[in-house]
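Data block below; observations after.
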Amino acid sequence: MNLHEYQAKQLFARYGLPAPVGYACTTPREAEEAASKIGAGPWVVKCQVHAGGRGKAGGVKVVNSKEDIRAFAENWLGKRLVTYQTDANGQPVNQILVEAATDIAKELYLGAVVDRSSRRVVFMASTEGGVEIEKVAEETPHLIHKVALDPLTGPMPYQGRELAFKLGLEGKLVQQFTKIFMGLATIFLERDLALIEINPLVITKQGDLICLDGKLGADGNALFRQPDLREMRDQSQEDPRAAQAAQWELNYVALDGNIGCMVNGAGLAMGTMDIVKLHGGEPANFLDVGGGATKERVTEAFKIILSDDKVKAVLVNIFGGIVRCDLIADGIIGAVAEVGVNVPVVVRLEGNNAELGAKKLADSGLNIIAAKGLTDAAQQVVAAVEGK
């Protein structure tokens, strides 16, 4: 679950980290009033969406008058911002962040993720702030400096100083950087985050460090113990189908194709999409129904897949390990009958009671195509889409 920039900065403030004074506004009038609270300009106005690349898309602007603030808010509030990180529809702009402009002398980067290879939280710092860190990692990886947090000791001040020295910081900037490093690490661990990022972390012309931007991603599996983060969730920024799937403990990611995929297991789901692509098809989604593929969850999965108007056929690929294929077949039959599926449905069952499951599908009288294997399933669903 991602947070908006203004929400990230609210958390920064709670932990004593420096950030520009700013206010999130939902109307042009609020935006003008926010400028008055901040004081004399210039100000920076930013569209609040869960996506990067806002500046290049016109969603961030430095303004010198309250009239310009009102015009920016009137132009963007209620609209959708399209960036290189969004789809063609973009993300809805429901809030504008108005904050004091900062005199920037230099831009840095500081962020942290959970590194699965080392099984630790790893902090990354770079002198190349203000640009996508992925681009820096690809083109100039030697400019990214890393430290890993020991799970027993947690973050240590010497690690912050080590990064500061590698960034070429001196004097009071080393102390300020270390404080920010320790604060970010504390936020990361106490708030069960999966990602935290300040890009850019700037050195002002006055010689101080300030968190000019903030990006936080919470671990969805830990939200049950982070009630204040749950309250910050903005479902308008999420795919409504993904949000509906999450309510049923289904993992759904929308794609651009026309073949709906329903699979149990993330690895099998990715393999299914690969083989569909291999045989000339285009997956419309990733959908993992998990180990407990009950009739109710299968029914809901069909509803979610078919809510995408692009879907011309559905491929159901189930391996019966934890669950029995005959019970899955009952769920598929009941779901197809209840939902009223009007597109071809190809089903491949393997594993526990697969033969009995295939027989139930064949005897159902419904328009369900039973596949003999994964390759056959991919070929049949692609042929069904092409009308062959």
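We count from 1, first residue shown onward.
Glycine residues also receive a Cβ, built from the backbone N, Cα and C atoms like all the rest.
Taken from Swiss-Prot, the feature ATP binding site covers LYS46, GLY53, ARG54, GLY55, GLU99, THR102, GLU107. Reduced to three states, the DSSP call for LYS46 (ATP binding site) is strand.
Sequence-distant contacts (6 or more apart, same chain, Cβ under 8 Å) of ASN199 (Mg(2+) binding site) comprise TYR109, LEU110, GLY111, GLY129, GLY130, ILE133, ASP213, LYS215. The Mg(2+) binding site annotation in Swiss-Prot covers ASN199, ASP213 and rests on sequence analysis.
As annotated by Swiss-Prot, substrate binding site applies to ASN264, GLY321, ILE322, VAL323.
Residues annotated as domain 'ATP-grasp' in Swiss-Prot, with sequence analysis given as evidence: 9-244. Confidence over the domain 'ATP-grasp' (9-244), given as mean pLDDT on the 0 to 100 scale, stands at 94.
Ranking the binding-site residues THR102, ASN264 by how many other Cβ atoms lie within 10 angstroms of each Cβ puts THR102 at the bottom.
ILE322 (substrate binding site) and LYS46 (ATP binding site) are 49 Å apart (CA-CA, integer value). Rounded to the nearest whole angstrom, the C-alpha distance between VAL323 (substrate binding site) and GLY55 (ATP binding site) is 49. When other Cβ atoms within 10 Å of the Cβ of GLY53 (ATP binding site) are tallied across all protein chains shown, the result is 16. Each of the binding-site residues GLU99, GLU107, ASP213 was scored by how many other Cβ atoms lie within 10 Å of its Cβ, and the smallest score goes to GLU107. Its own atom aside, the Cβ of GLY321 (substrate binding site) has 13 Cβ atoms within 10 angstroms in the protein chains shown.
Reported as a whole number, the C-alpha separation between ILE322 (substrate binding site) and GLY53 (ATP binding site) equals 43 Å.
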